[in-house]
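One structure is given below, encoded as structure tokens.
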Protein chains: 2
Amino acid sequence: MVKVVKFGGSSVADGKQFEKVAAIIREEEARRLIVVSAPGKRFAEDIKTTDLLIHLADAAAEKKDYDAELQQVIERYTAIVESLSLPSQLLAELKAQLISLIETYQEDHPRLYDALMASGENENAKLMAAYLQQLGEEAYYVSPEEAGMVVTDDPGNARILPESYEKIAKLRERSGRLVIPGFFGVSKTGHIVTFPRGGSDITGSIIGAGAEVDLYENFTDVDSIYSVNPSLVEKPHEMEELTYREMRELAYAGFSVFHDEALHPVVKKKIPVCIKNTNHPQAAGTYIVDEREQRGLPVIGIASDKGFISINVRKYLMNKEVGFGRHLLHILAEEGISFEHTPSGIDNMSIIVREEYLNEEAEKKILERIQKELDVEEVHVERELAMVMVVGEGMAKTVGVAAKATTALAEAGVNIKMINQGSSEVSMMFGVNASEADLAVTSLYNACFAKAKA
Amino acid sequence: MVKVVKFGGSSVADGKQFEKVAAIIREEEARRLIVVSAPGKRFAEDIKTTDLLIHLADAAAEKKDYDAELQQVIERYTAIVESLSLPSQLLAELKAQLISLIETYQEDHPRLYDALMASGENENAKLMAAYLQQLGEEAYYVSPEEAGMVVTDDPGNARILPESYEKIAKLRERSGRLVIPGFFGVSKTGHIVTFPRGGSDITGSIIGAGAEVDLYENFTDVDSIYSVNPSLVEKPHEMEELTYREMRELAYAGFSVFHDEALHPVVKKKIPVCIKNTNHPQAAGTYIVDEREQRGLPVIGIASDKGFISINVRKYLMNKEVGFGRHLLHILAEEGISFEHTPSGIDNMSIIVREEYLNEEAEKKILERIQKELDVEEVHVERELAMVMVVGEGMAKTVGVAAKATTALAEAGVNIKMINQGSSEVSMMFGVNASEADLAVTSLYNACFAKAKA
């Protein structure tokens, strides 16, 4: 059995966290492929190493004296090295490496930022490998280049190239534990290129898919994924297991535990993922799997996201007008507006757009075009909407979930502006006023989970 | 004030019905524009005049001896003429007219059918005008040509040409009552061309819109529109008033009182429509209006229609794949399949198609194309679905309608497969198994209307 084990920023923030991580790794022979983030925050007001590296890049890019910024970065690693009694030689190498990167890329800003930001993970991986060796483990630092992570040459937005997977597969054959920095790959021209949001999770997912591991363990600082935002509900229900699809629906509506695109490589290979807590590894964690046995509650989680606009169009006999919908979507495409959903009735169609994608000027133009080109009876815009998602694979097969959910909303006095539940879907979506979104979430949570807790 | 008054086939089926109709017309000075259908059924096993005319056309088209068929048609009118003591000269003219049409069009079958079928209305209008004159009314038969109803030259599927309305407007200025046959117009080349389904209703609507009448009274054989199919519920709630939009939603889901396309001309002019009963004219009837005051129940009617198929498509990260939905709809368009709805979630999209539009071969091809061109994770077809519509303008502003409806379905044990309620919509659509459709309708009816009756 082989596992890829990824540790997030807070899990590798200082020497004490390194000790926990090492203990977790050493606990199982299978934890052979290790992906580490850059040192994260040690306390609420702390600054992440990646942000210190951005400050360093800012100074270097402006050709200012960057000594203070460089020193701040080095101090973060110094604290780790000293706490673990690692050879100070590592720090000298680290400093030389950072200066070398600045000199190489000072004139090419996108690459400068990418190279320096990637150093956060890269240097931390070296320290982790050194620490495991010091503990007597057979451990190796493996650079993304050595691992075979060849990516597109698009700074800040790298995509893995399909050819990488063949090379990554060979990592399985190597002996010892391999420590790989997250967050970046290497382009065909040999440059460091970072991934978009969710970077280290992406690395873990790619390594997991390439090496066809049995499990992708993702260590962070929570015991499990909660069924609802814990800032809204006290001690919410913890999920033991959820499917990729459930995770996707929740991620869409604002659950931030996992970036859904990051998981794509393992989803395609149906490799299970486990979210665990570095600070409490004995907790069972939450498994994200392709299919799960239906047991317990049909609903697994409730999420909400604000900031939506609905463009509502009405025209008598719309559904008999061939090509109406396509024309409407075409107008949006031509105006460069991406949309979220298009709930449609017989003679009406709504287009749900995220507020940030529709400025006043674009809105005006779109409304004019709809009126003129489609000769509609009515077109109007509804603002400050929230989407509330009730998610669970069991819902499609359980009678009464919709009744329970809508009754909870009615009793709380929430006006449901939209409902969308498609055939064989794993979620039910409610559109409500943004001002009522939190109330909607807590009412739904209490209705769906109250009994489970008692 | 001017009204257009249309009488359906059962309202003008025999002399006794003619007497009722004349009394209704004479009751109000405003009932000046009168549209009549062909004589309909007088009893359940009776044959409509239009069907007798089709038999006549069949025989004439096949160059058989059509004497018996002609005689059957003439007998229907003879019964009316004799019952009302109208001059028998009318029957001689009628017979001569039918023979003349057959001789003119015997080689041109589409026109032969159109001309003979249209005679049903045309000859009945002449009789109605004669009867009104006999009663001392200033009444005139006005042919569609004289009225100005110029239509496209598409036999069986005529569409009114916009230029007609100007001429029709002048009907208002004429004195006396004008009796116009429903169901057909005249092409620019002078041929009789019939309207599609809902023909006489279309004539009434066009005359009403052209003459900008104050009200379009549509006399049929029911006191009012019921809130639910009366074969499912005993003595259902009667609607006093509903909006065009509500009517459209109900018509879509199988309410057959009015053909929704027929209403389009009056809808555009916001002319109110009233459904009344020729056999019980003192009943208030049901008004169909552009806007109504919200009073009483938020739900106005419940309808259902069976025979739907859902094609369900799933793909991880679908909503981030630009153009996915458009590509999917493009495949359907290329295969010539029109669809009803496309409820969509984050990573899935369903396409609801009427069963009659999707044969086995087309289905196989579409599924293959979706799988191949869109590289989806899953595509499957769900059959024997029914759409149940809960309709009412008041729903969007009333908290708890969804709860009431879904609770009723849950209590009846109906599994909801789809829910669609869009922002500012006047309806909520539930997808259920066809076998549970009637149960769904009665449960919803009882939940939404029970209190209103008590």
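In case you wondered, yes, glycine gets a Cβ from its N, Cα and C as well.
Feature list (source: TrEMBL):
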BINDING   B:K6, B:F7, B:G8, B:G9, B:T220, B:D221, B:Y226  ATP binding site
BINDING   B:T50, B:E121  substrate binding site
DOMAIN    B:390-454  domain 'ACT'
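Positions of TrEMBL features highlighted on the structure.
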residue: B:K6; record: ATP binding site; Cβ neighbours (10 Å): 28
residue: B:F7; record: ATP binding site; Cβ neighbours (10 Å): 31
residue: B:G8; record: ATP binding site; Cβ neighbours (10 Å): 21
residue: B:G9; record: ATP binding site; Cβ neighbours (10 Å): 23
residue: B:T50; record: substrate binding site; Cβ neighbours (10 Å): 22
residue: B:E121; record: substrate binding site; Cβ neighbours (10 Å): 28
residue: B:T220; record: ATP binding site; Cβ neighbours (10 Å): 23
residue: B:D221; record: ATP binding site; Cβ neighbours (10 Å): 16
residue: B:Y226; record: ATP binding site; Cβ neighbours (10 Å): 19
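In the three-state DSSP classification, B:E121 (substrate binding site) falls within a helix. In this structure, the CA atom of B:G8 (ATP binding site) is 12 Å away from the CA atom of B:T50 (substrate binding site).
In the three-state DSSP reading, B:G8 (ATP binding site) counts as coil. Calculated from their C-alpha atoms, the gap between B:T50 (substrate binding site) and B:Y226 (ATP binding site) amounts to 28 Å.
The secondary structure of B:D221 (ATP binding site), as reduced to three states from DSSP, is coil rather than helix or strand.
Break the domain 'ACT' (B:390-454) down by DSSP state and the numbers are 36 helix, 13 strand, 16 coil. Between the CA atoms of B:T220 (ATP binding site) and B:E121 (substrate binding site) there is a gap of 15 Å, rounded to the nearest whole number. Residues B:K6, B:F7, B:G8, B:G9, B:T220, B:D221, B:Y226, recorded as binding ATP, reach a greatest CA to CA spacing of 20 Å. In three-state terms derived from DSSP, B:Y226 (ATP binding site) belongs to an extended strand segment. B:Y226 (ATP binding site) sits 28 Å from B:E121 (substrate binding site), taking the C-alpha atoms as the reference points. Among the binding-site residues B:K6, B:G9, B:D221, the ones whose Cα sits within 10 Å of the Cα of B:E121 (substrate binding site) are B:G9, in sequence order.
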